[in-house]
Structure formats: C-alpha cells, structure tokens
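Copied over from TrEMBL:
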{"type": "SIGNAL", "residues": "1-29", "note": "signal peptide"}
{"type": "DOMAIN", "residues": "139-181", "note": "domain 'EGF-like'"}
{"type": "DISULFID", "residues": "Cys171-Cys180", "note": "disulfide bond"}
{"type": "DOMAIN", "residues": "293-334", "note": "domain 'EGF-like'"}
{"type": "REGION", "residues": "333-358", "note": "region 'Disordered'"}
{"type": "COMPBIAS", "residues": "335-349", "note": "compositional bias 'Low complexity'"}
Amino acid sequence: MRPPARAALGLLPGLLLGLLLGLPREASPKPTPCRRCRELVDKFNQGMVDTAKKNFGGGNTAWEEKSLSKYESSEVRLLEIVEGLCGSSDFECNRLVEEHEEQLEAWWLRLKKEHPDLFEWFCVKTLKVCCSPGTYGPDCLACQGGSERPCSGNGRCSGDGSREGDGSCQCHLGYRGALCTDCMDGYFSALRNETHSVCTACHESCKLCTGPTSRDCTQCQAGWAQEDGACVDVDECAAETPPCSEQQFCQNVGGSFQCEECDPTCVGCTGKGPGQCKECIAGYTKESGQCADVDECSLPEKPCLRKHENCYNTPGSYVCVCPEGYEETEDACVQAAQPAGEEATAETPTAPPSREDL
C-alpha cells in the first residue's frame, strides 16, 4: 500500500522560488536527523491518538469490520495518520515520509505488536539516526554513570539519545565532577550513598559550609565575618570612612551595600526623601522636619524693589517681572505709551502671568 501522491510536493518549485525571492531571514539552526525523526514519530503517535475512536465511517460498521478488517489496524487508518503528518510547506517532513513510507507501513501492518515503541524501532534500530535514552554517539554507548541514571541524575549527558556527543557530563547547578557527584562551592552534601548524591545550597553568608545555616559555614562570603560562631553581615555603612559620596546615603544589604542619591533639596542626607536632609540647599529651609521651598515673595523684606514690579515665587528662588503693559527701566516698571486713539490704561499693574509663562 502506498498513500496517494501529495499535492504539496507538486508545489515545491514554486514555493522554493517564493522563499528565495522573499525578504532575507535570520538562519535558524538546522534540525538534526534525530530530531526530525523524533518529531515525525511524535506526530505519528498523535495521529494514532486522534484516530483511536474512529471507524470506517460507512453505514454498516459491523459488516465493514468483518469484511475489511478492523479499522483499528487497517490501511485506511494508516493512510489517515500519514496524510496528517506533514504540513504542505514542511519539505523535510514530506521528504522523510516519502523515503520511508514502506518502513512505516511494514511496522503498522506486521511489526507493531513485536516492536510497540515506534521511536525505538524506526529512529534507533531502522534509520539509526538516534540512540536510546542514556546512550550516545555512533555506536550508542552508555553515558557516563550508566544509561539508567546518566551523570548520577545530576547532569546532562553530552549527546544523550543521539548519534552525537562524547558522553561527558554537563552538571546541573550545584554539582561538579566527572559523574556530577561532588558539590560546588556554596553547596553542601545533604545526601550521599552508593547510588545518589544530593547537593543543597549553603546559607547566603557561607562560601563553604557543612549545613544549611549561617553557623554551618566553614568560610564566610565576602561582606560577611565570623562572629560568635556564625557568619554575620558586615555593615559597610557604619565604617569610619563612608563608602558613598556626599550627595548619597548608604543602605546596608546582605553582604554588601548600596549608594542611593539624596533628595535634590538636600546638602547631604541620612536617608531617602526631603525629611532626611542634613542641610537644605539655598532657597529651601527646614520646616516640620523637611526641606521646604522658601516663598521669598512673602518675606517682610520684599526682594523686588522697582516700582510696580511683580514678584513670583519659583522652586528654590523667585523672579521679578514687570506687569503686562509696562516697560522695564533701571529703577522702575514704566507704563508703555499707548497708540493714538486708544484709552490709557490705569496705572494699576495687571494680574500676574501664570507660573507656566515664567
């Protein structure tokens, strides 16, 4: 039995031309033969799930099953599964199916009961592009630590399940050694016997340790010091020479410190916000414990001295401005001459402009 020819294959030249004429794309890593085979098997297995409860679709299912063999193991079901394996534009998938459809048919009709694992039979033993889990390389040798628990279960075997790699162990975080049975610095051995090794993280204060608490440290991390049998945090902010600049305040954190900027109204500070200033910048004064803007225009001694001049407070300062309709001179704001035919305005200055206009 051969499935009908796929219409998608007839579109191959046109689709390739379209791809060549399209915008350039960043090349993605080409899937390995093993990965392609595994993906095909996964789709085949999913096809078996999707068709598990179907039948021939005719009116007399009992007669069809008796006369044409059961749908469950029929060529009709195989054809439905195969036709759903590849998208029309997945050229590699279609090529793989076309090249190996006879093997898939043989497995389905004659070998499925003897070899129920399609991946093992098709990818490992027939095409020989993959290895069984726990083995690697051209000859599918056992990974370091054995194929049952490669790398003691604490790492990944290089080439595991493929015909590639060298079988060496790439250890998970916390483990080291050829078989990933030893603990890295910052971890201690919580369990170790002939079959298992479990490494657990030390307390953050420990560089080396024998247990999980700060009292189990055999060497402290930088920023921590031994005190009364435990590693305790060093308060760098309490040092005689402050570690931060004059316009910063120091915040102690576990094993280190952070320098944070003072509020813009401060000259030196002890913490965050205008309430932590040591002194205030010019134009600000301590008010209810905070550096607040001084309203120079409300002071008894007025800062704007020219006649008719308006005073406007600004953050940390003030400005002196002549009202609309007045011109500046060295000693006063003088009402501007009015064009002929217009009535002269009163000498009372106009309302001050909004702060946004300053």
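The backbone N, Cα and C atoms fix where each Cβ goes, and this holds for glycine too.
Whatever TrEMBL says is automated annotation, not expert-curated.
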Sort the residues of the domain 'EGF-like' (139-181) into helix, strand and coil with DSSP and give the three counts.
4 helix, 11 strand, 28 coil
Can you count helix, strand and coil residues in the domain 'EGF-like' (293-334) using DSSP?
3 helix, 18 strand, 21 coil
